[in-house]
Structure formats: structure tokens, C-alpha cells
Amino acid sequence: MNTLDFDKKPEDTRVVVAMSGGVDSSVVAGILKRQGYDVLGITLQLYDHGAAVHRAGSCCAGQDIDDARRVCETIGIPHYVLDYEKRFRETVINPFAESYVAGETPIPCVSCNQTVKFADLLATAKELGADALATGHYIRSRPNPSADHPGRRALYRPADADRDQSYFLFATTQEQIDYLRFPLGGMPKAETRALAEEMGLVVAKKADSQDICFVPQGKYSDVIAKLKPNAALAGEIVHLDGRVLGRHEGILHYTIGQRRGIGVATGDPLYVVFLDARSRRVIVGPKEALETHRVYLRDVNWLGDEPLLEAASGEGFACYAKVRSTRPPEPAVLRADKDGIYVDLTIGEAGVAPGQACALYSAPGDDARVYGGGFIERSEREPMAEASLKALLASPVAA
């Protein structure tokens, strides 16, 4: 039986497995080998940031490459290491730093999937004659054929809601989805760990990757300051009502919705409401000023069955949306008009930051289809806060 939905025997089906050196991709390789597929393991060397290479929970660095090699030896498949460090720096690390300089809060994992993994590695898999590229992501794909595209597939949330990675995969294109396979989509993480133990894999008890892989000890500001010194320039901390409350040592130390460590006190709780990168101002205000009901999107990747503009015009497209990875999908309407493509959130969200993602779904449950999404370009707050912010941004900045 071909579990990957190909009309041929497993032994006649070549699969490249993207192996990060973690337990998930290792188990994928082991499962496919057991099922009789022609499996090749490929690990990408993406960066070498000193301490990050040996940091527990990093990925695609020195120790992880060695772990992937040992796993491949155990299960009996070839293993290759490709040096993508330059490509990773150009398409992931540099844009990450530039996004922070612009006052955004980026998601480099999405950029990595978009470029290095699902573009470059996928192309390499095809050059090797593989029928599919398999990964250890927790997401499901199923056949969704049409008359013009009999091999078309669709994405769905995974069985293990706690491991749902669909938010980070919203930008996966239809062509990539048709070629990719996600064997862990229907499996809880506990079962993955148990399989790793059963297979005798060296990574069975290895900790899951945490934070951003190329950031040593999770200190984003150190990496950004090194790559983009302008992000560390001092500026004003300003209240929405126009009062200058103090000064900061660089907008790279702040993100929308932040409360702790702002550096000023007024007696009332204050939150970061906006990062004015042009004037190097950190704008703060009360919690209610964070309430967001509309987000405008850029770089939209639409995975619905009808064309985007056709679906989103007029009354809009009723769906569910996530504006942060840890939140469940909430009711929303996708719209398109002369102002662009945007999502109206039925239930307001606090602390929505530009640069983050808005992923779209068919339903709120674990079996929901993924309709794609886009990066948040800007958001609209409740009317009074929005008016105050616009007035403040239009005012001159003291020299």
C-alpha cells in the first residue's frame, strides 16, 4: 500500500526527507523506510553563529547534522548535507533584521519554509528524481483533485492541536503542497516519541527546538544590533496623548503588546502600542489601545478553490483566522477592495504586530482546512486609539 497517495509501489517511490536532526523528521525517515520507500535523508547546514551551533534546542547546526547522520546510519538510508548558509543569510537572517529596523515583529520560520526548505530543497529533491519531499511538520495534506489538476492536494490542521504548525506554513504554495508529504499530520507527539524509542534512534529523548534557531541564547537584540546598528539608536518613549515619558536604547528591544521592561512608569499599566521606526519613537498607551478588529495583509498566499478576488469581494469570504501561533482560529471575514486585502476579526485581538502572520481556516476545529493567509502590513485599532495614533504620527518630532 502506498501511504503517500502515489499510484505505484512504495519501493518504486523515491522520497527525500528534510532532516533537521530532531526527533520529528527522524521518525518520518524511519517510518518511510519501514514502509519500503526509497528514502534519502538531506540536512541543510544553515548557519554557524558560535554558541548557537551547540545550543540545546537549535536546529540545522553542528550537533544536529551529526544527529541526523547517526539516525540515517541506524535506519539504513543515505544521508547528504547541503551548505545553504549563504542562501539562509540572504533570505532569512538579513530580512529578519531589516524587519525589526522597520518596526515589525517578523517570523523567520515562515521565510525559511518559503525559500530554503520548500523552494530550494524541493528543487533539489526533484533533481534527485524524488516523487516527494517529506518533512516532520505537524500538518495534514489530503488529495483535493480537480478536472484540470488531478494531483492537487489541500492542507488541514493536524490531529495533535498542541503541535499545530499550520500557522507557520500558510505561505506554502499550491505547487509545493502537491509535492510535499507530512507523515506526522495524523499522529500525536507522544506517539512520535514512542516510535523513536522503538526504532532505537539517538534523538528519541532530544528536546524540541525552541525560539529562533540562529539566535544564540534567544537574544534577538544582539543579532539585530550586529546586523543593523540603526535599530539600536536611542529615541523617545511617547504616550498616545503626546506626552514624552522618557527615552529608550533602540526599538529592537520592543514589540507591540509588550508591558514589562518598557522603562517608564506613570502609575497606570502601559503597553507598547506602536513602533514608529521612521522617528525612532516607542509609542505606549493603555491596554484598550491594543484592541484590533481589522488587519491589512501583504504577500497573500491563497489556497481556496475559487480565485482570491472573486472569493473576497462583495460580502467577503467568511472564514476563521489566527493572528498568532498560540491562539485558536476565531471567526473572521476576508475582504478585498480598493484599499487592499484585509481581514475583519469578529472577536478583537490585542497586540497584533506588523510582520506577523494571519492564517486563514475553514473552521475552528482540529480538522479545519488551511486557506493560506498573509503577512500583517498594518492593523486598525479601536477608533479613539486609531485617531490618537494618527495625530501623533503626523506631529513633528522634537530635535
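Here the Cβ of each residue, glycine as well, is placed from N, Cα and C on the backbone.
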According to Swiss-Prot, which candidate in G136, G151, G185, G186 joins A18, M19, S20, G21, G22, V23, D24, S25, L44 at the ATP site:
G136
Rounded inter-Cα distance in Å - D24 (ATP binding site), H137 (site 'Interaction with tRNA'):
7
Would you count the other C-beta atoms found within 10 angstroms of the C-beta of D24 (ATP binding site) for me?
24
Among A18, S20, L44, C112, which are recorded as recorded positions, the nearest neighbour of Q356 (site 'Interaction with tRNA') by Cα:
C112
Pairwise C-alpha maximum, in angstrom, for the residues (A18, M19, S20, G21, G22, V23, D24, S25, L44, G136) that bind ATP according to the record:
16
